[in-house]
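Student: Provided herewith is a single structure, encoded as structure tokens, for subsequent inquiry.
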Amino acid sequence: MPMAMLTWHALPRWVHLLLLAKASDGTLPPHLATVVRVAVYGTTPRRHPNAAIAPARPLAVLPPYHSTVYNALCAQPASHIVLLHGWGMSSKDWATTAKKLAADHAVLTLDFYGHGASPYLPHNDMHDPNVLVHQVRDAIERAGWATAQVTIAGISMGSAIALRYSQRHPDSVRRLILLCGAGMAVSRWYALTETMSRWNNAMLLRVHELNATSPFWHVVFHRVSVLRAMISHSYLTRLTPEYGVNQNLLQAETLAKVHACIWPMVDVLHPLQLELFDEAPQHVQIVPGVDHALFCLLINDLALHAKPELWL
């Protein structure tokens, strides 16, 4: 590790937060602000280089959120498993599977911000995939698994967060299980992802423009619950289908950790693209007769807990 990074990590946490706050409000010189953001976030996606993408507001501290640890019923867990839900879902969609996996494994579930029992972040434009990666890491550390190698299973957006997490913490990830997963550029002619993304970001840019004209709009967009939910969730998906996953590292490193791909027969949002893999995952399953939305509702019915080859 470079000496600069060792020095950075030796600083107290409050110094990190103070410097990040100054970097966010423009007090620090641009080059120093970039150094601070790289040190905190590992990257600088604070403002997307594409002008058609609405900018995200930095978040210095993670607010409280909901997570659940299912301790293994046996003396020594066979593995540590993190189950990530998709956009518009919650940890309840994994609950049955998590309880059954806990017979032999230690299992962690959480509700992403703005989902389930976790609150929305203070500002709508703070909802960013990068924040969810940090939320997952925080939940893993709070579970006492900081030094454990984990298996991460993610549904749709949860797969993208799993891929990003693996890129940021490669040594802590044992394997990945993708279910109708996002995080990969889509090349299928029938995919609706790019079109939906353009509509989504056009709406967010308009919201951004209105916020700049008057504080009235900022209040409306945060006080009217329907608008708050819509805008916050739209910010989460503004980078779809890649969700900020580094595509240059994807084929070279990240996809090698993918142990299983489980997909619906029809998926016009995140179609399965096995050609992206240098070697096909050990387990590939296509669930017949369902599309992306229905597949997400049937996760517990897949009986994944009864397939030890996925987890061991």
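Cβ coordinates come from backbone N, Cα and C, glycine included.
Small disclaimer: the values here were computed from a predicted structure and weren't measured.
According to TrEMBL, the feature domain 'AB hydrolase-1' maps to 80-202. The signal peptide feature in TrEMBL is assigned to 1-26.
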Student: Summarise the model's confidence over the domain 'AB hydrolase-1' (80-202) as a mean pLDDT value.
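Tutor: The predicted confidence over the domain 'AB hydrolase-1' (80-202), as a mean pLDDT, is 95.
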Student: By DSSP, what is the split of the domain 'AB hydrolase-1' (80-202) into helix, strand and coil residues?
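Tutor: Helix (H, G, I), strand (E, B), coil: 53 helix, 23 strand, 47 coil.
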